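Structure record follows, encoded as C-alpha coordinates.
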Amino acid sequence: MSIIGIGIDFVEILRIKNIFLKYGDKFARKILSTEEWKKYILIDDSISFLAKKFVAKEAASKALGTGINHQITFNQLEFYKNKSGKPKLRFLKHALKKSKEIQCKSIHVSISDQKLYAYALVILEN
(Lines of atoms letter the chains of each structure in order from A and count residues from 1; the text may use other names and numbers.)
(Lines give C-alpha, C1' and ligand atoms only; values in the text may rest on other atoms or scores of the structure.)
Protein backbone atom coordinates (compact mmCIF):
# COMPACT_ATOMS: atom_id res chain seq x y z
CA MET A 1 0.00 0.00 0.00
CA SER A 2 1.06 3.56 -0.59
CA ILE A 3 -0.18 6.84 0.81
CA ILE A 4 -2.49 8.69 -1.58
CA GLY A 5 -3.67 11.44 0.74
CA ILE A 6 -2.83 13.11 4.03
CA GLY A 7 -5.00 15.67 5.78
CA ILE A 8 -4.35 17.41 9.06
CA ASP A 9 -6.29 20.17 10.75
CA PHE A 10 -6.85 21.82 14.10
CA VAL A 11 -9.50 24.19 15.36
CA GLU A 12 -9.89 26.39 18.39
CA ILE A 13 -12.84 24.97 20.33
CA LEU A 14 -13.95 28.52 21.23
CA ARG A 15 -14.44 29.19 17.49
CA ILE A 16 -16.84 26.25 17.24
CA LYS A 17 -18.61 27.38 20.41
CA ASN A 18 -19.13 30.86 18.97
CA ILE A 19 -20.48 29.45 15.70
CA PHE A 20 -22.81 27.17 17.67
CA LEU A 21 -24.03 30.05 19.84
CA LYS A 22 -24.82 32.03 16.69
CA TYR A 23 -26.43 29.25 14.59
CA GLY A 24 -27.35 26.51 17.08
CA ASP A 25 -28.48 23.19 15.70
CA LYS A 26 -28.49 24.60 12.16
CA PHE A 27 -24.68 24.44 12.33
CA ALA A 28 -24.78 20.91 13.75
CA ARG A 29 -27.13 19.72 11.00
CA LYS A 30 -24.83 21.22 8.36
CA ILE A 31 -21.75 19.31 9.47
CA LEU A 32 -23.16 16.04 10.85
CA SER A 33 -24.32 12.97 8.96
CA THR A 34 -27.64 11.39 9.90
CA GLU A 35 -25.90 8.80 12.10
CA GLU A 36 -23.71 11.43 13.77
CA TRP A 37 -26.82 13.55 14.46
CA LYS A 38 -28.40 10.61 16.31
CA LYS A 39 -25.41 10.52 18.66
CA TYR A 40 -25.20 14.31 18.95
CA ILE A 41 -28.71 14.73 20.34
CA LEU A 42 -27.92 12.29 23.17
CA ILE A 43 -24.67 13.81 24.47
CA ASP A 44 -23.95 16.49 27.05
CA ASP A 45 -20.72 18.01 25.67
CA SER A 46 -22.03 19.09 22.28
CA ILE A 47 -19.33 21.71 21.66
CA SER A 48 -16.46 19.23 22.02
CA PHE A 49 -18.36 16.69 19.88
CA LEU A 50 -18.93 19.26 17.12
CA ALA A 51 -15.34 20.54 17.27
CA LYS A 52 -13.93 17.03 16.83
CA LYS A 53 -16.31 16.20 13.98
CA PHE A 54 -15.59 19.54 12.27
CA VAL A 55 -11.81 19.21 12.46
CA ALA A 56 -11.86 15.55 11.42
CA LYS A 57 -14.00 16.33 8.37
CA GLU A 58 -11.69 19.17 7.36
CA ALA A 59 -8.72 16.78 7.61
CA ALA A 60 -10.57 14.07 5.66
CA SER A 61 -11.50 16.47 2.86
CA LYS A 62 -7.86 17.53 2.59
CA ALA A 63 -6.76 13.89 2.42
CA LEU A 64 -9.26 13.36 -0.42
CA GLY A 65 -7.63 16.30 -2.20
CA THR A 66 -10.87 18.25 -2.53
CA GLY A 67 -11.41 20.23 0.62
CA ILE A 68 -14.99 20.98 1.58
CA ASN A 69 -16.77 22.34 -1.50
CA HIS A 70 -20.12 22.36 -3.30
CA GLN A 71 -19.84 18.62 -4.07
CA ILE A 72 -17.98 17.23 -1.07
CA THR A 73 -19.89 18.50 1.97
CA PHE A 74 -19.34 17.94 5.68
CA ASN A 75 -22.22 15.49 6.03
CA GLN A 76 -20.71 13.17 3.38
CA LEU A 77 -17.82 12.41 5.73
CA GLU A 78 -19.04 10.28 8.62
CA PHE A 79 -16.93 9.48 11.65
CA TYR A 80 -17.74 6.71 14.10
CA LYS A 81 -15.90 4.43 16.52
CA ASN A 82 -15.39 0.71 16.12
CA LYS A 83 -16.03 -1.71 19.00
CA SER A 84 -12.65 -0.95 20.58
CA GLY A 85 -13.20 2.82 20.36
CA LYS A 86 -10.90 3.47 17.40
CA PRO A 87 -12.12 6.34 15.20
CA LYS A 88 -13.17 5.31 11.71
CA LEU A 89 -14.27 7.22 8.60
CA ARG A 90 -17.06 6.34 6.20
CA PHE A 91 -17.39 8.19 2.88
CA LEU A 92 -20.91 8.91 1.60
CA LYS A 93 -22.34 10.15 -1.74
CA HIS A 94 -19.84 12.29 -3.72
CA ALA A 95 -17.11 11.68 -1.15
CA LEU A 96 -17.54 7.93 -1.67
CA LYS A 97 -17.31 8.41 -5.43
CA LYS A 98 -14.11 10.45 -5.03
CA SER A 99 -12.58 7.86 -2.69
CA LYS A 100 -13.20 5.19 -5.33
CA GLU A 101 -11.69 7.41 -8.06
CA ILE A 102 -8.45 7.69 -6.10
CA GLN A 103 -8.64 3.97 -5.25
CA CYS A 104 -8.70 4.44 -1.48
CA LYS A 105 -8.45 1.04 0.20
CA SER A 106 -7.39 1.92 3.74
CA ILE A 107 -8.12 4.87 6.04
CA HIS A 108 -6.23 5.86 9.19
CA VAL A 109 -7.76 8.41 11.56
CA SER A 110 -6.54 10.13 14.70
CA ILE A 111 -8.69 12.69 16.52
CA SER A 112 -7.74 14.46 19.74
CA ASP A 113 -8.81 17.42 21.79
CA GLN A 114 -7.78 19.22 24.91
CA LYS A 115 -9.08 22.31 26.66
CA LEU A 116 -8.51 24.82 23.83
CA TYR A 117 -8.08 22.88 20.58
CA ALA A 118 -9.25 19.86 18.63
CA TYR A 119 -6.92 18.11 16.17
CA ALA A 120 -7.29 15.46 13.48
CA LEU A 121 -5.09 13.53 11.08
CA VAL A 122 -6.43 11.39 8.22
CA ILE A 123 -4.23 9.21 6.01
CA LEU A 124 -5.59 7.44 2.92
CA GLU A 125 -3.84 4.49 1.26
CA ASN A 126 -4.46 2.55 -1.93
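Any Cβ shown, glycine's included, is placed from N, Cα and C.
The following features are taken from Swiss-Prot:
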type: BINDING; residues: Asp9, Glu58; note: Mg(2+) binding site
Number of other Cβ atoms within 10 Å of the Cβ of Glu58 (Mg(2+) binding site) across all protein chains: 22
Glu58 (Mg(2+) binding site) - helix vs strand vs coil (DSSP): helix
